C-alpha cells in the first residue's frame, strides 16, 4: 500500500505558486466498503516513528476492505499506521468510539462484529515473551445469522447497535461486550441504525419502509415513521418496495432525522412530528450523514457521487438543551427514579411525542 500524490493540471510552476496543492490517494489495494475518522493521540518525545507531530493530535482514517482487512491511515501524511487482521469476509462498516478513546468496532459479511483497541504499545503474549503491537482484537461479537451491514456506538460509549439484514437489530454492552437485547418490530431486513447525540434514543431503518425510534435502555418502541410514496415523484408502475430504506442518521443537535430511500427522495424529519418537513430529489441513494456542526447533509450514491444538501437549521429550545444535557449522563431508569413530576419524566424520556 502506498500514497500517490497527483499535482494539479497546471504543472510544477503553477503548483508552486499556489502552495503546492495536491490530490492525495490512499492506495488500499482492495475495494473499500467502510470508512471511519477519529482523532489520534499526540505523539510524545521519544516516539521512534510518530505518525503525528510531537504534542499535536492528528486525524486517522480506518478503511474496511473487500478482503477482510482494516487499514488505518494517518490522513495528513498518508502514512499507513497498521493493518488489522481477523475478519474472514468484507468489512462493511466501521465505528470509532465517540469519546476519543482508541476503540474501533468493525462489522463484516462474516456475520461478526469485532472490537479493536488501537492503543500504542499494546503488549501481546508470544510464547515466553511479550511483543509490542499497535493494535489488538479485544472481542468478537457473534449473534447475527446474516451479513452485518451497520454498526453504531452510542455517544456515551456504553452501547453498540448492529444491523445485519435481519428483522431485528442487536444491542450490545460496550462495557461487558455481551448482548443486551434484540430489538424486534420491523417486518423486513434492518439495514441502518444511529443513536441520538444524548444516547437516549436509537433509530433503525428497514427495507419495510419504516424507521422505528427506540428507547435503548428499555427496548420500548417510542415512534414509527412510515415512508409514504409521493405521487408526484413516482409513477403508477413503481414497484411495491420503492420506499425501501437505505440509511438513517440523527442531526448533531438531535432535533432532526435524515433518511434515504429507494423512492428517489432524501427526507428530513423533525423529532416531534410524524411527517417529513423537507424533501430533496435524488437517485441511487445509499447513505447519508450530517455535517458534524449541522446545516448540511452528505449523501452517497451507487453511481459514485457524493452530494451535499442544505439542511434545516433551528435554534434549540432551552427545554431541549436541558433534556439533552441531563440525558447525556442519566439513563431512562435513573430519570424514572427521580422525585420529579410525571410529565417532566415523560419529557425527559421522550414519551411526549
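Even glycines carry a Cβ here, placed using N, Cα and C.
The repeat 'WD' feature in TrEMBL is assigned to 61-83, 84-126, 141-182, 183-224, 238-272. Residues or ranges marked as domain 'SOCS box' in TrEMBL: 317-353.
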Within the predicted model, mean pLDDT of the repeat 'WD' (183-224): 94
Other parts of the chain folded back onto the repeat 'WD' (141-182), taken as Cβ under 8 Å at six or more residues beyond its ends: 89-90, 92-99, 101, 103, 105-109, 111-115, 188-199, 202, 204, 206, 216, 219, 328-329
The domain 'SOCS box' (317-353) - residue tally per DSSP class, helix then strand then coil: 22 helix, 0 strand, 15 coil
